[in-house]
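*Asks:* Okay, handing you the structure first.
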Amino acid sequence: MGLICVLLVITVSVHVTVDGVLANPLSNFVTVPNLGPTHPMDNPDWVPPTAPTKEKDREYWLTSGQARLRRQLELNEQNINVAKNVIIFLGDGLSIPTLAATRMYMGGEELELSFETFPHTGLAKTYCINYQVSDSACTAAAILTGVKNNYGTIGVSGHVPLRNCPLSLQESNRLTSILKYAQEDGRSTGIVTNTRITHATPAVAYAVSGARYWEDDTELPPGCVDIATQLVHGDIGTNLTVALGGGSRHFYPTGTLDRNGEPGRRTDGRNLVDEWINDAVARELRAQFVHDRTGLMAIQPELVDRLFGLFSGNHMSYRMLADAQREPSLQEMTIKALEILRRNDRGYVLLVEGGRIDHAHHDNLAKLALDETVELHRAVESAVRQLDESVQETLVLVTADHSHTFTIGGYPVRGNDILSTGDFSRFDRMPFFTLAYANGPSYADHFYENGGRRNPDDMRDRFHDPDFTYPAAVPYEDETHGGDDVAVFAKGPWAHIFSGLYEQHVIGHGLLFAACLGPDTFHQSDACRERLRGGTATPIRGLAQLLAMLMVIVYIRTKTLLLV
């Protein structure tokens, strides 16, 4: 019995610090003497935060709840028209926490981004077939082709391992994107991105490759065609109506400069921009190549059959850091693309990628990630406004390819600056940021070598700098993607089919169904059967109506003669 008592005393003494605070592994992080309350809430003079005045009344919540209910009932009406037009907005890395943090960044927890007002919302599972946490290549395949595949591969099935050139060349392994189906149906197609236009997401729309890294010929295995060449000469790329983005370095040879003075990196000596221009001339197309905002804004849509724009050697700049006189915004590129695409009475399919959300998260640059999300919000808002009378026949879908390890945590008070600290740790007696990452390159910016945290109070003059990095719990050279589900927002014909939780590739099938695209073996709505491919629906329906009228006339005359 005495031995047991001794062991109990030793155990208790090990778990109690000299300050009377229960110890655990976090006790190593205590860097400030216990001279007072270890948390503001422990102070007897602490005053709890107060809510906005109007929100204290129950009538506010009852009234606003009823108003939203009425809106939900109104939005519940189903549009089963053919989606003549499809606009796919893809926020690269646009996780659900990113959406919530962006609302606060814009000015309030209660705000809504433009696409958050869409009537139908769903959740998509984002894993690749061989990775729990995906990349942009396999997720773009799911969305644009309706087929999930391997991490890092472009437009090929799961039978093609990463970097396998021979298997990517087999026709049975190649996937077909919605842009190809649209072109076969006579519709215009376009791609807009603020990343390199040869980057993973846009590449899936027009290219087939064993690796997302084969953007030019520098690492290309013999027998395969690089992604940039496929944009200019590929089956889909050569028929794109609009292609706007960055990445000019993959189109110009080494030893030369693009029209913005940035060096090319092709080793085959080819200038693909000149080849694109010459090909358009040979086909007697009114084509324009632009390299800056001035050139883009000067484009007259009615005078252009093809538009190609490369505005940066690499990715385009973060909008907050860009030279707005030289580089167009995502919003401006989207509107110019729509002005050209909408001239086709048959319809169009447009892919718009807000790709720099992802890049900011990879570098733990939370402010830039939120600001890029605002850019996507503006592009969607302007596009929907641009639709005008075509809104009832245009499906607009906004989603993400994957998430990030980005979190919103602690117990910050209502209205607290989302970029600032929002809570206080009782263990190390320091405040901590509301925004944080599970991993990334910023670890050393926020932790000492012995593991203790650096005091955020010493960083207050830098919180709002675009290059300020937010804490990462694990050191990593490049913050990773997250494996959680992403949101899907839809508006327009058949938008209601995107509600619920589903595998990400179901998005691709939903887009094809709504737009009456894809193989004849795919499920089709009654509206699709009326709109036959090639524009033959109207003549056949007219002929059927004429025959019906003739039969009625013959029947009436026969009855009349019998009566006589």
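Even glycines carry a Cβ here, placed using N, Cα and C.
Those TrEMBL annotations? Automatic predictions, nothing curated.
Features from TrEMBL:
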- S136: active site, phosphoserine intermediate (ACT_SITE)
- D92, H199, T201: Mg(2+) binding site (BINDING)
- D92, D358, H362, D401, H402, H481: Zn(2+) 2 binding site (BINDING)
- E353: Zn(2+) 1 binding site (BINDING)
- 1-23: signal peptide (SIGNAL)
*Asks:* If you draw a 10 Å sphere on the Cβ of H402 (Zn(2+) 2 binding site), how many other Cβ atoms land inside?
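*Replies:* Within a 10 Å radius of the Cβ of H402 (Zn(2+) 2 binding site) lie 28 other Cβ atoms.
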*Asks:* Measuring Cα to Cα, tell me the gap between S136 (active site, phosphoserine intermediate) and T201 (Mg(2+) binding site) in whole angstrom.
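*Replies:* Cα-Cα, rounded: 6 Å.
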*Asks:* To the nearest whole angstrom, what is the C-alpha distance linking H481 (Zn(2+) 2 binding site) and D92 (Mg(2+) binding site)?
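*Replies:* Cα to Cα, H481 (Zn(2+) 2 binding site) and D92 (Mg(2+) binding site) are separated by 10 Å.
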*Asks:* Spatially, which candidate from the binding-site residues D92, H199, T201, E353 is nearest to H402 (Zn(2+) 2 binding site), comparing Cα atoms?
*Replies:* D92
*Asks:* By a simple count of other Cβ atoms within 10 Å, which of H199, H362, the binding-site residues in the record, is least packed?
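*Replies:* Candidates: the binding-site residues H199, H362. Fewest Cβ atoms within 10 Å: H362.
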*Asks:* In Å, rounded, how far does the Cα of H199 (Mg(2+) binding site) sit from the Cα of D401 (Zn(2+) 2 binding site)?
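*Replies:* Here the two Cα atoms lie 13 Å apart.
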*Asks:* Under 8 Å Cβ to Cβ from D92 (Mg(2+) binding site), same chain, six or more residues apart: give me those in sequence order, or none if nothing qualifies.
*Replies:* S136, T195, T201, E353, G354, G355, R356, I357, D358, A400, D401, H402
*Asks:* Can you list, in sequence order, the residues of the same chain other than D92, H199, T201 whose CB lies within 8 Å of the CB centroid of the Mg(2+) site?
*Replies:* L90, S136, A140, T193, T195, A200, P202, E353, G355, D358, D401
*Asks:* Run through the Cβ atoms and count how many others sit within 10 Å of the one on D401 (Zn(2+) 2 binding site).
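*Replies:* Result for D401 (Zn(2+) 2 binding site): 30 other Cβ atoms within 10 Å.
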